[in-house]
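Chemist: So TrEMBL lists the following for this protein:
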| type | residues | note |
| --- | --- | --- |
| TRANSMEM | 25-48 | transmembrane segment |
| TRANSMEM | 69-91 | transmembrane segment |
| TRANSMEM | 111-130 | transmembrane segment |
| TRANSMEM | 142-163 | transmembrane segment |
| TRANSMEM | 175-194 | transmembrane segment |
| TRANSMEM | 224-243 | transmembrane segment |
| TRANSMEM | 263-287 | transmembrane segment |
| TRANSMEM | 299-323 | transmembrane segment |
| TRANSMEM | 335-357 | transmembrane segment |
| TRANSMEM | 364-384 | transmembrane segment |
| TRANSMEM | 390-412 | transmembrane segment |
Amino acid sequence: MVLIAPPLYLMLDLAVVGRLGGAELAALAVATLVLAIISTQLTFLAYGTTARSARAFGAGDRPAAVREGVQASWIALGAGTAIIGVVYPLAPAIMRGLVPDAQVAADAASWLRIAVFGVPLILLSMAGNGWMRGVQEARRPVLYVTVGLAVSAVLCVLLVHGLAGVPQLGLPGSAVSNLVGQGLTGAAFLVHVIRESGSRGSRTAGVRPDWPVMRAQLTMARDLILRSASFQICFLSAAAVAARFGVAQVAAHQLVLQLWEFIALLLDSLAIAAQQLVGAALGAGAFAAAKTDARRATVLSLGLAGLLAVVFASGVSLIPRIFTDDPAILDAARTPWWFLVAMLPVAGVVFALDGVLLGAGDVAYLRTATLIGALCGFLPFIWLSLIFDWGLAGIWTGLLVFMGTRLAAVVWRVRSGSWLR
(Lines of atoms letter the chains of each structure in order from A and count residues from 1; the text may use other names and numbers.)
(Lines give C-alpha, C1' and ligand atoms only; values in the text may rest on other atoms or scores of the structure.)
Protein backbone atom coordinates (compact mmCIF):
# COMPACT_ATOMS: atom_id res chain seq x y z
CA MET A 1 0.00 0.00 0.00
CA VAL A 2 2.82 2.44 0.87
CA LEU A 3 4.46 1.99 -2.52
CA ILE A 4 1.34 2.15 -4.66
CA ALA A 5 -0.32 5.07 -2.84
CA PRO A 6 1.71 7.86 -4.55
CA PRO A 7 1.04 6.62 -8.11
CA LEU A 8 -2.62 6.12 -7.20
CA TYR A 9 -2.76 9.77 -6.23
CA LEU A 10 -0.93 10.82 -9.40
CA MET A 11 -3.47 8.93 -11.47
CA LEU A 12 -6.25 10.81 -9.67
CA ASP A 13 -4.27 13.99 -10.35
CA LEU A 14 -4.13 13.15 -14.05
CA ALA A 15 -7.86 12.45 -14.12
CA VAL A 16 -8.70 15.74 -12.36
CA VAL A 17 -6.32 17.91 -14.39
CA GLY A 18 -7.17 16.08 -17.61
CA ARG A 19 -10.63 17.66 -17.49
CA LEU A 20 -8.99 21.08 -17.87
CA GLY A 21 -7.73 20.16 -21.34
CA GLY A 22 -4.99 18.39 -23.28
CA ALA A 23 -2.41 21.17 -22.82
CA GLU A 24 -2.79 21.15 -19.02
CA LEU A 25 -2.57 17.35 -18.98
CA ALA A 26 0.63 17.47 -21.04
CA ALA A 27 2.12 20.11 -18.71
CA LEU A 28 1.29 18.03 -15.63
CA ALA A 29 2.65 14.88 -17.26
CA VAL A 30 6.04 16.42 -18.06
CA ALA A 31 6.34 18.25 -14.72
CA THR A 32 5.53 15.14 -12.68
CA LEU A 33 8.07 13.18 -14.73
CA VAL A 34 10.81 15.68 -13.85
CA LEU A 35 9.83 15.61 -10.17
CA ALA A 36 9.79 11.80 -10.20
CA ILE A 37 13.22 11.68 -11.82
CA ILE A 38 14.62 14.01 -9.17
CA SER A 39 13.22 12.04 -6.24
CA THR A 40 13.96 8.65 -7.80
CA GLN A 41 17.69 9.39 -7.76
CA LEU A 42 17.47 9.16 -3.97
CA THR A 43 15.48 5.94 -3.70
CA PHE A 44 18.46 4.49 -1.82
CA LEU A 45 16.88 6.25 1.16
CA ALA A 46 14.16 3.61 0.95
CA TYR A 47 15.79 0.59 -0.69
CA GLY A 48 19.28 0.94 0.77
CA THR A 49 17.96 1.74 4.24
CA THR A 50 15.65 -1.27 4.10
CA ALA A 51 18.54 -3.58 3.22
CA ARG A 52 20.83 -2.25 5.95
CA SER A 53 18.18 -2.07 8.68
CA ALA A 54 16.85 -5.54 7.78
CA ARG A 55 20.35 -6.99 8.17
CA ALA A 56 20.69 -5.35 11.60
CA PHE A 57 17.20 -6.46 12.62
CA GLY A 58 17.87 -10.03 11.47
CA ALA A 59 21.03 -10.04 13.59
CA GLY A 60 18.97 -8.98 16.63
CA ASP A 61 20.16 -5.35 16.79
CA ARG A 62 17.02 -3.19 16.51
CA PRO A 63 18.74 0.00 17.82
CA ALA A 64 21.22 -0.23 14.93
CA ALA A 65 18.30 -0.56 12.52
CA VAL A 66 16.72 2.60 13.97
CA ARG A 67 20.07 4.43 13.63
CA GLU A 68 19.95 3.69 9.92
CA GLY A 69 16.61 5.52 9.78
CA VAL A 70 17.91 8.54 11.71
CA GLN A 71 20.95 8.96 9.48
CA ALA A 72 18.92 8.43 6.31
CA SER A 73 16.59 11.21 7.51
CA TRP A 74 19.54 13.59 7.85
CA ILE A 75 20.59 12.78 4.30
CA ALA A 76 17.00 13.33 3.13
CA LEU A 77 16.81 16.80 4.67
CA GLY A 78 20.18 17.88 3.31
CA ALA A 79 19.68 16.52 -0.19
CA GLY A 80 16.10 17.81 -0.40
CA THR A 81 17.11 21.34 0.56
CA ALA A 82 19.90 21.32 -2.03
CA ILE A 83 17.48 20.13 -4.73
CA ILE A 84 15.12 23.03 -4.01
CA GLY A 85 18.01 25.47 -4.41
CA VAL A 86 18.88 24.06 -7.82
CA VAL A 87 15.50 23.21 -9.36
CA TYR A 88 13.46 26.28 -8.38
CA PRO A 89 15.48 28.81 -10.41
CA LEU A 90 16.10 26.39 -13.29
CA ALA A 91 12.53 25.09 -13.70
CA PRO A 92 11.60 27.36 -16.67
CA ALA A 93 14.80 26.47 -18.55
CA ILE A 94 14.33 22.75 -17.86
CA MET A 95 10.81 22.78 -19.25
CA ARG A 96 11.73 24.85 -22.31
CA GLY A 97 14.39 22.25 -23.09
CA LEU A 98 11.90 19.39 -22.81
CA VAL A 99 8.75 20.83 -24.37
CA PRO A 100 8.64 22.79 -27.63
CA ASP A 101 5.18 24.25 -26.88
CA ALA A 102 5.80 27.52 -24.99
CA GLN A 103 2.52 27.52 -23.04
CA VAL A 104 2.85 23.89 -21.97
CA ALA A 105 6.44 24.56 -20.87
CA ALA A 106 5.38 27.63 -18.84
CA ASP A 107 2.53 25.77 -17.14
CA ALA A 108 4.81 22.84 -16.32
CA ALA A 109 7.44 25.16 -14.84
CA SER A 110 4.86 26.88 -12.63
CA TRP A 111 3.68 23.51 -11.31
CA LEU A 112 7.24 22.31 -10.67
CA ARG A 113 8.23 25.49 -8.80
CA ILE A 114 5.52 24.80 -6.25
CA ALA A 115 5.89 21.03 -6.06
CA VAL A 116 9.69 21.05 -5.63
CA PHE A 117 9.27 22.31 -2.06
CA GLY A 118 7.85 18.89 -1.28
CA VAL A 119 11.07 17.06 -2.24
CA PRO A 120 12.59 17.05 1.30
CA LEU A 121 9.26 15.73 2.56
CA ILE A 122 9.19 12.98 -0.08
CA LEU A 123 12.73 11.99 0.87
CA LEU A 124 11.90 11.95 4.59
CA SER A 125 9.04 9.58 3.80
CA MET A 126 11.39 7.34 1.81
CA ALA A 127 13.86 7.19 4.69
CA GLY A 128 11.14 6.49 7.24
CA ASN A 129 9.48 3.85 5.12
CA GLY A 130 12.87 2.24 4.49
CA TRP A 131 13.98 1.65 8.08
CA MET A 132 10.47 0.71 9.21
CA ARG A 133 10.23 -1.92 6.46
CA GLY A 134 13.60 -3.22 7.63
CA VAL A 135 12.28 -3.85 11.15
CA GLN A 136 9.08 -5.29 9.63
CA GLU A 137 6.85 -2.53 10.98
CA ALA A 138 4.22 -2.36 8.26
CA ARG A 139 1.12 -0.68 9.72
CA ARG A 140 2.41 2.79 10.61
CA PRO A 141 3.86 3.59 7.16
CA VAL A 142 0.54 2.65 5.56
CA LEU A 143 -1.32 4.95 7.95
CA TYR A 144 1.05 7.89 7.44
CA VAL A 145 1.02 7.67 3.66
CA THR A 146 -2.72 7.03 3.38
CA VAL A 147 -3.65 10.06 5.51
CA GLY A 148 -1.35 12.37 3.55
CA LEU A 149 -2.59 11.15 0.19
CA ALA A 150 -6.24 11.28 1.21
CA VAL A 151 -5.85 14.95 2.16
CA SER A 152 -4.00 15.59 -1.13
CA ALA A 153 -6.70 13.90 -3.17
CA VAL A 154 -9.52 15.94 -1.62
CA LEU A 155 -7.59 19.20 -1.96
CA CYS A 156 -6.73 18.41 -5.59
CA VAL A 157 -10.37 18.18 -6.62
CA LEU A 158 -11.30 21.32 -4.67
CA LEU A 159 -8.37 23.52 -5.70
CA VAL A 160 -8.10 22.54 -9.37
CA HIS A 161 -11.80 23.05 -10.14
CA GLY A 162 -12.76 25.52 -7.38
CA LEU A 163 -15.49 23.42 -5.77
CA ALA A 164 -17.28 24.00 -2.44
CA GLY A 165 -16.42 27.69 -2.40
CA VAL A 166 -12.66 27.07 -2.64
CA PRO A 167 -10.79 29.41 -5.05
CA GLN A 168 -10.12 27.79 -8.41
CA LEU A 169 -6.35 27.54 -8.93
CA GLY A 170 -6.34 25.30 -11.99
CA LEU A 171 -3.11 23.39 -12.60
CA PRO A 172 -1.18 25.05 -9.69
CA GLY A 173 -3.86 23.71 -7.34
CA SER A 174 -2.58 20.22 -8.08
CA ALA A 175 0.92 21.19 -6.92
CA VAL A 176 -0.39 22.84 -3.75
CA SER A 177 -2.40 19.74 -2.85
CA ASN A 178 0.70 17.60 -3.41
CA LEU A 179 2.72 19.79 -1.08
CA VAL A 180 0.18 19.70 1.76
CA GLY A 181 -0.16 15.91 1.67
CA GLN A 182 3.59 15.38 1.50
CA GLY A 183 4.02 17.70 4.48
CA LEU A 184 1.67 15.63 6.62
CA THR A 185 3.31 12.34 5.68
CA GLY A 186 6.90 13.55 5.98
CA ALA A 187 6.23 15.12 9.39
CA ALA A 188 4.68 11.88 10.67
CA PHE A 189 7.71 9.81 9.65
CA LEU A 190 10.10 12.37 11.17
CA VAL A 191 8.28 12.52 14.51
CA HIS A 192 8.18 8.72 14.71
CA VAL A 193 11.91 8.20 14.10
CA ILE A 194 12.75 10.88 16.68
CA ARG A 195 10.52 9.20 19.26
CA GLU A 196 11.89 5.76 18.44
CA SER A 197 15.51 6.89 18.73
CA GLY A 198 14.75 8.68 22.00
CA SER A 199 13.29 5.49 23.48
CA ARG A 200 16.55 3.65 22.84
CA GLY A 201 18.79 6.03 24.78
CA SER A 202 19.54 9.72 25.10
CA ARG A 203 17.25 11.75 22.84
CA THR A 204 20.09 14.12 21.90
CA ALA A 205 22.48 11.27 21.08
CA GLY A 206 19.73 9.37 19.31
CA VAL A 207 19.17 11.97 16.60
CA ARG A 208 22.73 13.26 16.27
CA PRO A 209 24.40 12.82 12.84
CA ASP A 210 26.56 9.68 12.76
CA TRP A 211 29.06 10.23 9.96
CA PRO A 212 30.38 6.64 9.69
CA VAL A 213 26.83 5.33 9.24
CA MET A 214 26.03 8.04 6.68
CA ARG A 215 29.24 7.27 4.77
CA ALA A 216 28.28 3.59 4.63
CA GLN A 217 24.79 4.51 3.39
CA LEU A 218 26.23 6.80 0.73
CA THR A 219 28.60 4.08 -0.46
CA MET A 220 25.61 1.85 -1.19
CA ALA A 221 23.81 4.92 -2.53
CA ARG A 222 26.42 5.40 -5.25
CA ASP A 223 25.45 2.17 -6.99
CA LEU A 224 21.71 2.68 -6.47
CA ILE A 225 21.90 6.26 -7.80
CA LEU A 226 23.78 5.16 -10.91
CA ARG A 227 21.24 2.37 -11.39
CA SER A 228 18.21 4.63 -11.13
CA ALA A 229 19.87 7.47 -13.06
CA SER A 230 20.42 5.22 -16.07
CA PHE A 231 16.75 4.49 -16.66
CA GLN A 232 15.57 7.93 -15.53
CA ILE A 233 17.77 9.48 -18.22
CA CYS A 234 15.99 7.17 -20.64
CA PHE A 235 12.53 8.19 -19.37
CA LEU A 236 13.45 11.87 -19.63
CA SER A 237 14.75 11.34 -23.16
CA ALA A 238 11.58 9.45 -24.04
CA ALA A 239 9.42 12.35 -22.84
CA ALA A 240 11.50 14.84 -24.82
CA VAL A 241 11.22 12.75 -27.99
CA ALA A 242 7.49 12.09 -27.49
CA ALA A 243 6.98 15.86 -27.12
CA ARG A 244 8.46 16.31 -30.61
CA PHE A 245 5.63 14.15 -31.96
CA GLY A 246 2.98 16.55 -30.57
CA VAL A 247 1.00 17.42 -27.44
CA ALA A 248 -1.35 14.44 -27.81
CA GLN A 249 1.57 12.05 -28.20
CA VAL A 250 3.46 13.22 -25.11
CA ALA A 251 0.26 13.25 -23.04
CA ALA A 252 -0.60 9.70 -24.17
CA HIS A 253 2.94 8.51 -23.55
CA GLN A 254 3.01 9.92 -20.02
CA LEU A 255 -0.47 8.64 -19.24
CA VAL A 256 0.50 5.05 -20.09
CA LEU A 257 3.90 5.51 -18.45
CA GLN A 258 2.19 6.61 -15.24
CA LEU A 259 0.12 3.43 -15.32
CA TRP A 260 3.32 1.47 -15.89
CA GLU A 261 4.93 3.12 -12.86
CA PHE A 262 1.85 2.33 -10.77
CA ILE A 263 2.06 -1.33 -11.80
CA ALA A 264 5.82 -1.36 -11.18
CA LEU A 265 5.32 -0.12 -7.63
CA LEU A 266 2.46 -2.55 -7.06
CA LEU A 267 4.79 -5.40 -8.05
CA ASP A 268 7.54 -3.76 -6.00
CA SER A 269 5.38 -4.21 -2.91
CA LEU A 270 6.04 -7.94 -3.26
CA ALA A 271 9.68 -7.25 -4.06
CA ILE A 272 9.99 -5.21 -0.88
CA ALA A 273 8.61 -8.12 1.12
CA ALA A 274 11.28 -10.30 -0.49
CA GLN A 275 13.91 -7.69 0.33
CA GLN A 276 12.87 -7.63 3.99
CA LEU A 277 12.75 -11.40 4.35
CA VAL A 278 15.93 -12.10 2.40
CA GLY A 279 17.85 -9.38 4.26
CA ALA A 280 16.72 -10.68 7.65
CA ALA A 281 17.45 -14.30 6.67
CA LEU A 282 20.95 -13.48 5.44
CA GLY A 283 21.57 -11.37 8.54
CA ALA A 284 20.76 -14.46 10.61
CA GLY A 285 22.85 -16.72 8.34
CA ALA A 286 19.79 -18.69 7.14
CA PHE A 287 20.74 -19.20 3.47
CA ALA A 288 18.16 -21.92 2.77
CA ALA A 289 15.36 -19.67 4.06
CA ALA A 290 16.62 -16.84 1.84
CA LYS A 291 16.41 -19.08 -1.26
CA THR A 292 12.90 -20.20 -0.31
CA ASP A 293 11.78 -16.59 0.17
CA ALA A 294 13.23 -15.67 -3.22
CA ARG A 295 11.36 -18.47 -4.98
CA ARG A 296 8.03 -17.70 -3.31
CA ALA A 297 8.27 -13.98 -4.06
CA THR A 298 8.96 -14.68 -7.73
CA VAL A 299 5.99 -17.03 -8.11
CA LEU A 300 3.62 -14.60 -6.39
CA SER A 301 4.87 -11.63 -8.40
CA LEU A 302 4.56 -13.49 -11.70
CA GLY A 303 1.01 -14.52 -10.82
CA LEU A 304 0.02 -10.95 -9.95
CA ALA A 305 1.63 -9.63 -13.14
CA GLY A 306 -0.28 -12.15 -15.24
CA LEU A 307 -3.56 -11.12 -13.63
CA LEU A 308 -2.79 -7.45 -14.28
CA ALA A 309 -1.97 -8.22 -17.91
CA VAL A 310 -5.43 -9.71 -18.36
CA VAL A 311 -7.09 -6.70 -16.68
CA PHE A 312 -5.25 -4.13 -18.79
CA ALA A 313 -5.73 -6.06 -22.02
CA SER A 314 -9.46 -6.22 -21.34
CA GLY A 315 -9.62 -2.54 -20.36
CA VAL A 316 -7.86 -1.06 -23.38
CA SER A 317 -10.98 0.89 -24.42
CA LEU A 318 -12.19 1.79 -20.93
CA ILE A 319 -9.28 2.56 -18.60
CA PRO A 320 -7.73 5.46 -20.60
CA ARG A 321 -11.12 7.25 -20.60
CA ILE A 322 -10.89 7.53 -16.81
CA PHE A 323 -8.07 10.05 -17.30
CA THR A 324 -9.06 12.00 -20.41
CA ASP A 325 -11.82 12.36 -22.98
CA ASP A 326 -9.53 13.96 -25.60
CA PRO A 327 -9.94 11.83 -28.78
CA ALA A 328 -6.39 12.51 -30.00
CA ILE A 329 -4.83 11.41 -26.70
CA LEU A 330 -7.04 8.32 -26.50
CA ASP A 331 -6.09 7.32 -30.04
CA ALA A 332 -2.37 7.86 -29.40
CA ALA A 333 -2.48 5.84 -26.16
CA ARG A 334 -3.47 2.60 -27.90
CA THR A 335 0.05 2.01 -29.27
CA PRO A 336 1.99 2.02 -25.97
CA TRP A 337 -0.90 0.25 -24.25
CA TRP A 338 -0.14 -3.11 -25.87
CA PHE A 339 3.55 -2.77 -25.07
CA LEU A 340 2.51 -2.25 -21.45
CA VAL A 341 0.47 -5.46 -21.49
CA ALA A 342 3.32 -7.43 -23.09
CA MET A 343 5.84 -6.27 -20.49
CA LEU A 344 3.84 -7.24 -17.43
CA PRO A 345 4.87 -10.93 -17.12
CA VAL A 346 8.51 -9.93 -17.64
CA ALA A 347 8.17 -7.24 -14.99
CA GLY A 348 6.71 -9.71 -12.51
CA VAL A 349 9.92 -11.73 -12.49
CA VAL A 350 12.33 -8.78 -12.82
CA PHE A 351 10.98 -6.77 -9.90
CA ALA A 352 10.78 -9.79 -7.58
CA LEU A 353 14.39 -10.76 -8.25
CA ASP A 354 15.48 -7.13 -7.97
CA GLY A 355 14.06 -7.21 -4.45
CA VAL A 356 15.92 -10.43 -3.66
CA LEU A 357 19.25 -9.00 -4.81
CA LEU A 358 18.65 -5.69 -3.02
CA GLY A 359 17.93 -7.61 0.18
CA ALA A 360 21.25 -9.39 -0.31
CA GLY A 361 23.05 -6.07 -0.79
CA ASP A 362 24.05 -7.05 -4.34
CA VAL A 363 23.62 -3.49 -5.59
CA ALA A 364 26.83 -3.30 -7.64
CA TYR A 365 25.60 -6.09 -9.91
CA LEU A 366 22.17 -4.49 -10.26
CA ARG A 367 23.84 -1.20 -11.14
CA THR A 368 25.90 -2.73 -13.94
CA ALA A 369 23.03 -4.79 -15.35
CA THR A 370 20.70 -1.79 -15.41
CA LEU A 371 23.30 0.49 -17.01
CA ILE A 372 23.91 -2.01 -19.80
CA GLY A 373 20.19 -2.51 -20.46
CA ALA A 374 19.40 1.20 -20.40
CA LEU A 375 22.33 2.53 -22.41
CA CYS A 376 22.55 -0.30 -24.94
CA GLY A 377 18.84 -1.12 -25.31
CA PHE A 378 16.39 1.54 -24.18
CA LEU A 379 18.22 4.77 -25.04
CA PRO A 380 19.20 3.88 -28.65
CA PHE A 381 15.59 3.02 -29.53
CA ILE A 382 14.38 6.35 -28.11
CA TRP A 383 16.61 8.47 -30.32
CA LEU A 384 16.24 6.21 -33.35
CA SER A 385 12.49 6.77 -32.98
CA LEU A 386 13.06 10.49 -33.46
CA ILE A 387 15.45 10.04 -36.38
CA PHE A 388 13.30 7.53 -38.27
CA ASP A 389 9.91 8.81 -37.05
CA TRP A 390 8.94 5.54 -35.40
CA GLY A 391 6.68 7.37 -32.95
CA LEU A 392 5.62 5.93 -29.62
CA ALA A 393 6.03 2.38 -30.94
CA GLY A 394 9.78 2.89 -31.21
CA ILE A 395 10.07 4.38 -27.73
CA TRP A 396 8.13 1.55 -26.11
CA THR A 397 10.05 -1.08 -28.07
CA GLY A 398 13.13 0.30 -26.33
CA LEU A 399 11.48 -0.12 -22.94
CA LEU A 400 10.54 -3.71 -23.82
CA VAL A 401 14.14 -4.48 -24.82
CA PHE A 402 15.35 -2.89 -21.58
CA MET A 403 13.08 -5.11 -19.49
CA GLY A 404 14.15 -8.21 -21.42
CA THR A 405 17.81 -7.43 -20.77
CA ARG A 406 17.15 -6.98 -17.06
CA LEU A 407 15.22 -10.26 -16.97
CA ALA A 408 18.16 -12.21 -18.35
CA ALA A 409 20.58 -10.50 -15.95
CA VAL A 410 18.68 -11.05 -12.70
CA VAL A 411 17.63 -14.64 -13.50
CA TRP A 412 21.25 -15.59 -14.20
CA ARG A 413 22.49 -13.89 -11.02
CA VAL A 414 19.96 -15.52 -8.72
CA ARG A 415 20.51 -18.96 -10.26
CA SER A 416 24.28 -18.59 -9.78
CA GLY A 417 23.87 -18.36 -5.98
CA SER A 418 26.63 -15.76 -5.64
CA TRP A 419 24.27 -13.42 -3.77
CA LEU A 420 24.06 -15.83 -0.81
CA ARG A 421 26.58 -14.22 1.53
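For all residues, glycine too, the Cβ spot is worked out from N, Cα and C.
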Chemist: Which of 25-48, 69-91, 175-194, 263-287, 364-384 has the most Cβ pairs closer than 8 Å to the transmembrane segment (390-412)?
Modeler: 364-384
Chemist: Same chain, outside the transmembrane segment (111-130) by at least 6, Cβ under 8 Å from its Cβ: which residues?
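Modeler: For the transmembrane segment (111-130), the list is 2, 27-28, 31-32, 34-35, 38-39, 42-43, 45-50, 53, 68-69, 72-73, 75-77, 79-81, 83-84, 87-88, 91, 94-95, 141, 144-145, 171-172, 174-176, 178-179, 182-183, 185-190, 192-193.
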Chemist: With a Cβ cut-off under 8 Å, give me the same-chain residues at least six positions beyond the ends of the transmembrane segment (69-91) that come close to it.
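Modeler: For the transmembrane segment (69-91), the nonlocal Cβ contacts are 38, 42, 45, 48-49, 53, 109, 112-113, 116-117, 119-124, 126-128, 130-132, 189-190, 193, 196-197, 206-207, 209-210, 213-214, 217-218.
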Chemist: Is the transmembrane segment (299-323) packed against any residues at least 6 beyond its ends, judged by a Cβ distance under 8 Å, and which are they?
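Modeler: Tertiary neighbours of the transmembrane segment (299-323) are 11, 14-15, 18, 25, 255-256, 259, 263, 266-267, 270-271, 329-330, 333-334, 337-338, 340-341, 344-345, 347-349, 351-352.
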Chemist: Looking only at the recorded stretches 25-48, 142-163, 263-287, which one has the largest tally of CB-CB distances under 8 Å to the transmembrane segment (224-243)?
Modeler: 25-48
Chemist: Which residues of the chain, 6 or more past the ends of the transmembrane segment (364-384), have a CB below 8 A from one of its CBs?
Modeler: 223-224, 226-227, 230-231, 233-234, 237-238, 241, 354, 357-358, 390, 394-395, 397-399, 401-406, 409-410, 413, 419
Chemist: Residues sitting near the transmembrane segment (142-163): Cβ under 8 Å, six or more positions beyond its termini, same chain?
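Modeler: For the transmembrane segment (142-163), the nonlocal Cβ contacts are 1-2, 5-6, 8-9, 12-13, 16-17, 19-20, 125, 128-129, 169-171, 173-174, 176-178, 180-186, 188-189, 192.
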